[in-house]
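Let me begin by presenting the structure, written as structure tokens, before commenting on it.
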Amino acid sequence: MIEHNPTTIYGTTIVTVRKDGKVVIAGDGQVSLGNTVMKGNARKVRRIGKGNVIAGFAGATADAFTLLERLEAKLEQYPDQLMRASVELTKDWRTDRYLRKLEAMMLVADSKVTLALTGTGDVLEPEQGVMAIGSGGNYALAAARALIETDKSAEEIARKAMNIAADICIYTNHNIIVESLDAQ
């Protein structure tokens, strides 16, 4: 878990759901500086590459943008190979002195795979089609897992999970941004 430094800007909860031919990443819009909400409508989920990859990030905002840019560069180097680009990014992240200090995590997805990327070099795939990161990640993950076997769509599950996380976590708000792709 990322420790909260009161002088660092944080962005918080991201959840991904893969179900019934869709993959969704949803995130809230709150950015906090210590105990203060600095912005309520930040966009922490976006399309990258040629629009065929969606990414969501949690952690220190500037660090997350740095990693997002690096992932886009890896996707240019390894087009249509999200797994390979992600592994190469995490190798750099783990071994580069500058990158190693970055405090952020990312969830990324394309039509074939969903991954969590961490600064410890982990590239993780979800077992049950759901993953979540950030300060409200555990709440969102529990909610999404509880709903994955229902008849709700991937987007409905992601939105409900984010709303539950926002009800519980003070670093997460109800301004939810959702991006989705068709999945295999």
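Cβ coordinates come from backbone N, Cα and C, glycine included.
The active site annotation in Swiss-Prot covers Thr12. Sequence-distant neighbours of Thr12 (active site) (same chain, 6+ residues apart, CB-CB distance under 8 A): Asp28, Gln30, Ser32, Ala58, Gly134, Ser135, Gly136, Cys169, Tyr171, Thr172.
Marked as Na(+) binding site by Swiss-Prot on the basis of sequence analysis: Ala166, Cys169, Thr172. Taking all protein chains in view, 20 other C-beta atoms sit within 10 angstroms of the C-beta of Cys169 (Na(+) binding site).
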Using the recorded Na(+) site (Ala166, Cys169, Thr172) as reference, state which further residues of the same chain have their Cβ within 8 Å of the centre of those residues' Cβ atoms, listed in sequence order. Thr12, Thr13, Asp28, Gln30, Ser135, Gly136, Tyr139, Met162, Ala165, Asp167, Ile168, Ile170, Tyr171, Asn173, His174
I want to check the contact list for Ala166 (Na(+) binding site): same chain, sequence separation of six or more, C-beta distance under 8 angstroms. What comes out? Thr13, Asp28, Gly136, Thr172, Asn173, His174, Ile176
What count of other C-beta atoms do you get within 10 angstroms of the C-beta of Thr172 (Na(+) binding site), across all chains shown? 30
